[in-house]
């Protein structure tokens, strides 16, 4: 029998990476919030890799942090190792990647949720969503408890009708042996949502004591740790190494000899898998001429012998897994602690959502994370934060917060999902961002902290810290224009030592720093009046802003054109089938997606430049008609 168990402003269903950010955002903005997890020990569960960040993902984490989210802070608290990737490439693609202690990450996030004012967390499976007059009014647990709410955020990850597959064995399950959420999937279907079936997988976890690391290449962390969060200036820990090894011909032979036992190729798995994170059997089949594949051995935590075998995700039978693992140098005597598995799950077609991540069908119902067809902890957390912010803004009668593609990777992520949709698990890539030189991990605070402060998530402490950095950067950039460097033996010897051309005439230091081989820190001895308190992060900004000034200005001009199209708003009630000249496909797609601007309409698959021209002419006619009516009136 059902009973009223409580009344809240917001209910968050699922407390993984998306749900944790959503719940914290709502509670911190003053809304009475309740969060549900099938098991409270699964909060912020890292069901796959023990790492945060990497290309494009690090940018997301920094953006979450700049807006006042939790992921970066929690990563720094749980750190085992950190490295900066792509250091030999340009700043647009440089990114941090942190190895974290999985259990510590979960415990820290759970404690953060427990301590948060306005937030209750409960262990329960949500099976139904209550709707009246097309508005969310509550959620129902498996035990019949009704929690009334004005907004609900669905962040169920891979739990919806989860099914684990290992060889010819399959069973209903969420990730890591947790219960699946089967009834909620049926509820969403009943409410009219189109569901898709996706698949992901995870590699085996092996016993550290059974590994011969002498046959592998050590992968240490950076000598100087760069924190993920802008709130942390320094982190001092003894870092744990990762290890690199490779598959070989024998590994591939075993996989191919047993490929008929792979559910991926037998038809047992019907869900669409992750393109950019293929299983080992997928790699061997698709790249038959490749002699070896990289395998990284990563620690799962400080207080465990479990090691994560990155690059060997598989759904082959357990006996085959052990056989091919033992062909890898260093793993000849390996003991498997947890076998690799694939997991299929339901997710929604994200084109059913607005850019706020609110459902177009039901008011007050939001979706975030893997349930929207994405993959990755970082992508989930970013969506969770924005869904939480927008649910709160709506209930507080404040304007929605929609980041555009020129502001943040978060904007690219959400725009791609709601405009284009996805037919496979969506992963954030730097190549997806048109303005990636503007959307670097080093400047996320400059892009988003003031917005986060205006929203109410950025604390006064964080805001003052940011302002100090901003003022210091602006003052130092101006000062460098007035620092004259004259040719001298000392100066020219320095330039020659850096592989740079000697000076013939004097030049300001700002101009000298445009040379790629000269960095700001190395010129301190030439700059007698340089302040002693320049932050490392400011020094980094100076180098990037000066060296890439021309490219940055070019992208800013491109953004002006982009903004012009984004600012051409399309009326909500427009009937595309009444517009003569639009192709039938465009009418269908525009009606389904209902873009809010010409810019968004132009990014919809199936809408051609000719269709956009027709739409622009139609909107000009609408505007003229409105002006004529106003003059007559």
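Just so you know, glycine gets a Cβ as well, placed from its N, Cα and C.
Taken from Swiss-Prot, the feature FAD binding site applies to 14, 15, 16, 17, 18, 19. Per Swiss-Prot, the feature NAD(+) binding site maps to 273-287; the stated evidence is sequence analysis.
Features as recorded by Swiss-Prot, highlighted on the structure.
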residue: 14; record: FAD binding site; contacts (Cβ under 8 Å, 6+ apart): 36, 37, 154, 155, 156, 157, 159, 369, 371
residue: 15; record: FAD binding site; contacts (Cβ under 8 Å, 6+ apart): 23, 35, 36, 37, 40, 42, 43, 44, 113, 121, 155
residue: 17; record: FAD binding site; contacts (Cβ under 8 Å, 6+ apart): 44, 71, 369, 377, 378, 380, 381, 384
residue: 18; record: FAD binding site; contacts (Cβ under 8 Å, 6+ apart): 155, 157, 368, 369, 370, 371, 380, 381, 383, 384, 387
residue: 273; record: NAD(+) binding site; contacts (Cβ under 8 Å, 6+ apart): 198, 199, 200, 201, 264, 279, 282, 342, 424, 425
residue: 275; record: NAD(+) binding site; contacts (Cβ under 8 Å, 6+ apart): 424, 425, 427
residue: 281; record: NAD(+) binding site; contacts (Cβ under 8 Å, 6+ apart): 255, 259, 262, 264, 265, 314, 315, 316
residue: 283; record: NAD(+) binding site; contacts (Cβ under 8 Å, 6+ apart): 290, 293
residue: 285; record: NAD(+) binding site; contacts (Cβ under 8 Å, 6+ apart): 256, 259, 265
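Residue 287 (NAD(+) binding site) is surrounded by 12 other CB atoms, counting those within 10 A of its CB over all protein chains shown. Annotated FAD site 14, 15, 16, 17, 18, 19; additional same-chain residues within 8 Å of its Cβ mean position, judged by their own Cβ, are 12, 20, 21, 22, 37, 43, 44, 155, 156, 157, 368, 369, 380, 384. Cβ neighbours within 10 Å of residue 16 (FAD binding site), excluding its own Cβ and spanning all shown chains: 29. Counting in whole angstrom, residue 287 (NAD(+) binding site) lies 37 from residue 19 (FAD binding site) by their C-alpha atoms.
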